[in-house]
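In what follows, a structure is listed as structure tokens, so that the remarks can point back to it.
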Amino acid sequence: MLIRYNLHNLFYTTGLSKKLTIPAFYDIVMLFYNAIQTMKHFKNYIIFFILIFFFGIRLYSAEENFNPPKVYTITIDNYVINPIVKDYVENAIKTAEDKNAQCLIIQLDTPGGLLESTRELVKSIINSKIPVVVYVYPQGSRAASAGVFITLSAHIAAMSNSTHIGAAHPVGLVSFKGKKPDKEENESEEDVMSDKIMNDTIAWITSIAEEKGRNASWAKKAVTKSESITAEEAVKAKVVDFIATDLQDLLIKLDGRNVKINSKTVTLATKGAAVTSLDLTPSQKLLNIIIHPQIAYILMMLGFLGLLFEVTHPGVGFPGVAGLICLILAFYAFNVLPVNYAGVALIMLSIILFIAEAFTPTFGLLTLGGLTCMVLGSLMLIKSPFGIMRISLKLILPVAIFIGAITVFLVGAVLKTHLKKIKTGKEGLIGESATAITDINPKGKVFVHGEIWQAKNISEKQINKDEAVIIKDVKGLTLYVEKEADTQAII
């Protein structure tokens, strides 16, 4: 009402009453008033939308901070490269690809491994859809033999201080004498096969090095001359890309690097990345333990020992079943290890000799022959120059002595059973002590083994009630007894 009264005064004092009617004047004024009010609200709307805009930008930035780049790592910690480790790496690559990770980092420390497993592993790295970084780490680690191929195949290769790489000669994986025969000499089938493996390995490592822009000349020397170099020398020789002190330093140095992945270039963003470590699954851990040469050897020995016990003591059951399980696990491991089956044959012969000793005693000759076969077979079992792959003599001798001692014990138990007199039924009473429950002159009754028997005195001495007697013979239901010298029975 106040606004309307003021407008009314303004209408008459300004002389507008002469030009406009009152309703028209009111309409014009209210139009301007509403326009002003609308502009005020519009300003508020503008401010609101500006705040929403900047808040959205801030929220997006926060989301970026809460979702940093992903980096996955796996650790090959002094593992022999075998089918289990190969599956471990392949699964890690697939996981990193599925999670759209920046890269997969393989922290590597290996003495070598199996040629076929190494080939499959390298193939997986080369064909990966994300960058794979091989990092020889921690200090004191090595990338030997198979590790050289794995390192060279990486999209980016790095090493820690005090590490080394090299010695990729394929001699532990096949029989290789290391020397070519003279042309005049007839090459054996073994030499020809060794040359084929060597030439194939040289071509393979050369192609890997050239594809990744690494030093192919040194790669050949690593195969042909088993050459090894330190981390600093590897960087100078362009075998690896750089040295990183630890994982955080590695991530900083990887950040911003361009990597070629299947004909396209990818720029890594690893600074401040969220690092996720992928471990071996429980089944992979178990199989990786079983596949270790020392463990496989112990399982085989336990298996043979279980069978030996079952043969010498039939009907027990458990040792035989446990032995078969151990043998199955052992031969699973031998299926992927470089096994010399002449060694396996000698070990099996030793077990046969042990069993023969139990049934045809030779006073230790067969046992001695079995121990000899076992030691020789164990030494020949694994074909590899690497200490970690061979069966240690420190393990072989205690195992041989233990199995020899068990064999002697089992054979002794069998012999004791065979030589022991049969004492069952009436025959078991002869020589036993009994108690006269009546006077035996010459006939009476005795109490023995909880039973009352008819007895007859075969001695000249009088046998009175409660006296002790010795059973000398059994005929029908009558015991033939005589008085136990100077002994009084107690009931």
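Backbone N, Cα and C atoms are what each Cβ position is placed from, and that goes for glycine too.
Copied over from TrEMBL, here are the features:
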TRANSMEM  20-36  transmembrane segment
TRANSMEM  42-60  transmembrane segment
DOMAIN    70-262  domain 'NfeD1b N-terminal'
TRANSMEM  286-309  transmembrane segment
DOMAIN    295-411  domain 'NfeD integral membrane'
TRANSMEM  315-334  transmembrane segment
TRANSMEM  341-359  transmembrane segment
TRANSMEM  365-383  transmembrane segment
TRANSMEM  395-415  transmembrane segment
DOMAIN    427-483  domain 'NfeD-like C-terminal'
The transmembrane segment (365-383): which same-chain residues, six or more beyond its ends, come within Cβ distance under 8 Å?
172, 174-175, 293, 297, 337-340, 342-347, 349-354, 356-357, 389-391, 393, 396-397, 399-400, 403-404, 407-408, 411
Same chain, outside the transmembrane segment (315-334) by at least 6, Cβ under 8 Å from its Cβ: which residues?
290-293, 295-297, 299-300, 302-307, 309, 344
Please give the sequence-distant neighbours of the transmembrane segment (286-309): residues at least 6 beyond its ends with Cβ less than 8 Å from one of its Cβ atoms.
79-80, 82-85, 280, 316, 319-334, 336-337, 347-348, 351, 354-355, 378, 381-382, 384, 388-392, 395, 399, 403, 406-407, 410
Express the predicted model's confidence over the domain 'NfeD-like C-terminal' (427-483) as a mean pLDDT, rounded to an integer.
87
Summarise the domain 'NfeD integral membrane' (295-411) by DSSP state, stating how many residues are helix, strand and coil.
89 helix, 2 strand, 26 coil
